[in-house]
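Swiss-Prot has this to say about the protein:
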- HIS17, ASP177, ALA178, LYS179, ARG244, PHE245, ASP253, ARG259, LYS260, ALA276, LYS280: ATP binding site (BINDING)
- ASP19: Mg(2+) binding site (BINDING)
- GLU45: K(+) binding site (BINDING)
- GLU58, GLN101, ASP253, LYS284: L-methionine binding site (BINDING)
- 101-111: region 'Flexible loop' (REGION)
Amino acid sequence: MAKNRHLFTSESVSDGHPDKIADQISDAILDAIISKDPDARVACETTVTTGLVLVAGEITTSVYVDIPKIVRDTIKEIGYTRAKYGFDAETCAVLTAIDEQSPDIAQGVDEALESRSGKEIDAAIEAIGAGDQGLMFGFATDETEELMPLPIFLAHGLARKLTELRKTNKLDYLRPDAKTQVTVEYDEFNQPVRIDTIVVSTQHHPDITQEQIAKDLHTYLFPEVIDASFLDEDTKYFINPTGRFVIGGPLGDAGLTGRKIIVDTYGGYARHGGGAFSGKDPTKVDRSGAYAARYVAKNIVAAGLAKKVEVQVAYAIGVARPVSISIDTYGTSDYSEQELIDGVNELFDLRPAGIIHMLDLRRPIYRQTAAFGHFGRSDLDLPWERTDKAEALKKLIVK
């Protein structure tokens, strides 16, 4: 590797990975509830293991949803439909342990500190406080059209295409569990120049050879996802490097909601506040705050105000207004952090109810985000991925 160059690696997983099964179940339950009760409070956690799904959490709603049916339908859609896979949508046990949201938390969400203290400016917006304290990050970079880091973008692309090859029976020996990983080499100007390493581990039928899998992935997977200009004779490929991946899914590993937070975001390229997304209604700023931060970051880069930017927002439980906003452009902007923050504060409402209204989050849009990443999804119409405020932001800041 040339002097002053460096490598960066990100990974993704398929929708059949145990942790992603759990995420998708949690978000499918959330979608089912808020489609009938948009104001419901949902904090839904799922764990999956051999032959068993446990759904637990705190849900406050006036509607009924058939949780066991949602669980089975989700597992079936993912592809675990045969007992020989070690996990079967029809025969697995489904247990539920659901409580209501704590009244101590509810009182701060139902009526924010600003509202309770008589300091509200906009009663409807100030009325909802943050559902918890915490810090969230949003990130954007101009190294891809989707304004995402290249390593995670390619890792997601491989995982998504691999799933497509399985579900369309193009490669009918594939089974649901899979992981992908991409290592990108960056030059001295921090621009991606080549792919150094690709790792794919995919569950498969016991009778298929590893040689056949490798041949098929080089034919049907890699050319469909990765621009050939990034590949060279030194690019390394590791395909099922253990030599066998028959036992997978919940039979191989237990899965839990919220255990793939780096896969869900930027692949480690940006910092993470620690809060997971799936199973949480939009009053939970772990989710809505991170979406809003991405929305802000993406519009900053789309406006040409920076080439790369990380936005942090932080909240106190029961308080509507963020306790802090910070913006780091890594030296790629001609504008000060304060100029950017002033523009963001004028154009983006980062109070929980403001975010919910701005991004129209009280809708059943979450199940589709629970695999292959929440950001950079050109295959989905996600409100936090829009750049509709870029021009207005540019006019505010560029004098």
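In case you wondered, yes, glycine gets a Cβ from its N, Cα and C as well.
Mapped onto this structure are the features recorded in Swiss-Prot.
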residue: HIS17; record: ATP binding site; Cβ neighbours (10 Å): 29
residue: ASP19; record: Mg(2+) binding site; Cβ neighbours (10 Å): 22
residue: GLU45; record: K(+) binding site; Cβ neighbours (10 Å): 20
residue: GLU58; record: L-methionine binding site; Cβ neighbours (10 Å): 16
residue: ALA178; record: ATP binding site; Cβ neighbours (10 Å): 25
residue: ARG244; record: ATP binding site; Cβ neighbours (10 Å): 10
residue: ASP253; record: ATP binding site; Cβ neighbours (10 Å): 16
residue: LYS260; record: ATP binding site; Cβ neighbours (10 Å): 25
residue: LYS280; record: ATP binding site; Cβ neighbours (10 Å): 27
residue: LYS284; record: L-methionine binding site; Cβ neighbours (10 Å): 23
Practice item. Please tell me which one of the binding-site residues listed here (ALA178, ASP253, LYS260, LYS280, LYS284) sits closest to GLU45 (K(+) binding site), measuring Cα to Cα? Key: LYS280
Point to revise | Distance, ASP19 (Mg(2+) binding site) to ALA178 (ATP binding site) (CA atoms, angstrom) | key: 11
Check your understanding: Can you give the mean pLDDT for the region 'Flexible loop' (101-111), rounded to a whole number?
Key -> 53
Revision key, fill the gap. What DSSP gives for ALA178 (ATP binding site), in three states, is strand
Review point. ASP253 (ATP binding site) to the residue listed as 'Mg(2+) binding site': how many Å between their Cα atoms?
Key: 9
Practice item. Using C-alpha atoms only, work out the spacing between LYS260 (ATP binding site) and ASP19 (Mg(2+) binding site) and round it to an integer in Å. Key: 7
Point to revise | By Cα-Cα distance, the member of binding-site residues HIS17, ASP19, ARG244 nearest LYS284 (L-methionine binding site) | key: ASP19
Practice item. Just report the maximum Cα pair distance in Å for the recorded ATP binders HIS17, ASP177, ALA178, LYS179, ARG244, PHE245, ASP253, ARG259, LYS260, ALA276, LYS280, no decimals. Key: 36
Review point. According to DSSP, which of helix, strand or coil covers ASP253 (ATP binding site)?
Key: coil
Practice item. Do me a favour and check the Cα-Cα span between ARG244 (ATP binding site) and GLU58 (L-methionine binding site); whole Å is fine. Key: 40
Practice item. Looking only at C-alpha atoms, tell me how far LYS280 (ATP binding site) is from GLU58 (L-methionine binding site), rounded to the nearest Å. Key: 10
Point to revise | Secondary structure at LYS260 (ATP binding site), reduced by DSSP to three states | key: coil
**Study point:** C-alpha spacing of GLU58 (L-methionine binding site) relative to the residue listed as 'Mg(2+) binding site', in angstrom
**Key:** 20
Revision key, fill the gap. Reduced DSSP state (H/G/I helix, E/B strand, rest coil) at LYS284 (L-methionine binding site) is coil
